[in-house]
Amino acid sequence: MITVNEGSVTIRVPDFSKVSARAPVFYNPAMEFNRDVSVVALQVFQRLLGGEISVADTFSGSGIRAIRYLVEVEGVSEAFANDINPLAVECIKNNSVINSVSPEVSREDASIFLRSNHGRFDVIDIDPFGTPAPFMDSAAASARNNSLLAVTATDTSSLCGTYIKPCLRKYSSRPLKTEYCHETGLRILAGFTAMNLARYRKAASVLLSHSSQHYMRLYIRVRRGARRADESIRNIGFMLHCFRCLHHEHVNGFAPLKRECPHCGAEMDVAGPLWVGDIQDSKFIGEMIGEVENKELNTAGDVLKLLKGCLDEAGMPPGFYDIHEVCSKLGRSAPPLRDVMDGLEAAGFRVSRTHIRPTGIRTDAGIGEIEEVLAGLMPE
């Protein structure tokens, strides 16, 4: 056994040489950053609701997430730590004693656990090893009004378009391997979640989304009501991408046809259905930024960097342009990113960086306007 200190808690887990779903008890040290962000997000959400909240950790493993929520998030009155692995259940109980907390510990399949506790939780956290897709229907059915659904997906090769058929099977959506494929993956996951919620007359609004390391993470507020659900799914649509000139655009609705690129005339490829609405909530993220300094986080600097990047992206159109990719298509060397952004702003366009790729920019300018700015910065 080894001792792990994370946030304000200490746990003991079996020694491991490689993170794997086959490990006796699943604990991934690389996900500390994920859990740090989650602690901050839950604190802000708790204050948004006011009063005490109940939290479900559906794939608890060592219990680290549920225990941290109890210890570090003010207002968490109860936390449920569930895992189907009997060794994990014993580990959760032992780690709870170490930290002087008492989560409700259960050993059930995640879907059964959620359905047997219908409407009980203010926060449902789904952080499996792999895809969350098989559990999303149960999560959608169980989510109470005005609750938070926090979802992790580590099957990024499917969501990003390396393997198209698995994404079609799991998420009923076609991915596309572009420079912004990680954003497309986030939007596929958000759209899939929203459609699952809509079946139960519940609406989704994305508070925060990020693609980090080997996973994608969403924080979605759930509201009940058929009218709200109808409004929510108006954010479902498709991304269209031209691989010849890198033009991209999005359309709302469920039946787009491949069409001619308005910039170069080539046929565009399609990704979706997916979420084309906002994937960052500026107010929620702003409050998270203010909360970071109140928490004991080993990755506080990285958390702040991520949140500030996500805040910059709020309200910007779907997709982004990798300036190095654009310049490569043009056969030119890339100028400093700041110069490109300044040029676009001077031309009257909105522009921001993206947390997903350091050489990417978000803007409401089209590829033609970007090429004009680049031409001014890099004369022949």
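Including glycine, each Cβ sits where the backbone N, Cα and C put it.
Swiss-Prot lists Arg65, Asp83, Asp109, Ala110 as S-adenosyl-L-methionine-binding residues, and of the candidates Arg35, Arg47, Arg120 the one it assigns to that same site is Arg35. Fewest other C-beta atoms within 10 Å: among the binding-site residues Arg35, Arg65, that description fits Arg35. Per-residue pLDDT, averaged over the domain 'Trm1 methyltransferase' (2-374), rounds to 96. Contacts of Cys261 (Zn(2+) binding site) defined by a Cβ separation under 8 A and a same-chain sequence distance of 6+ are given as Cys242, Arg244, Cys245, His247, Glu267, Met268, in order along the sequence. Counting in whole angstrom, Ala110 (S-adenosyl-L-methionine binding site) lies 49 from Cys264 (Zn(2+) binding site) by their C-alpha atoms.
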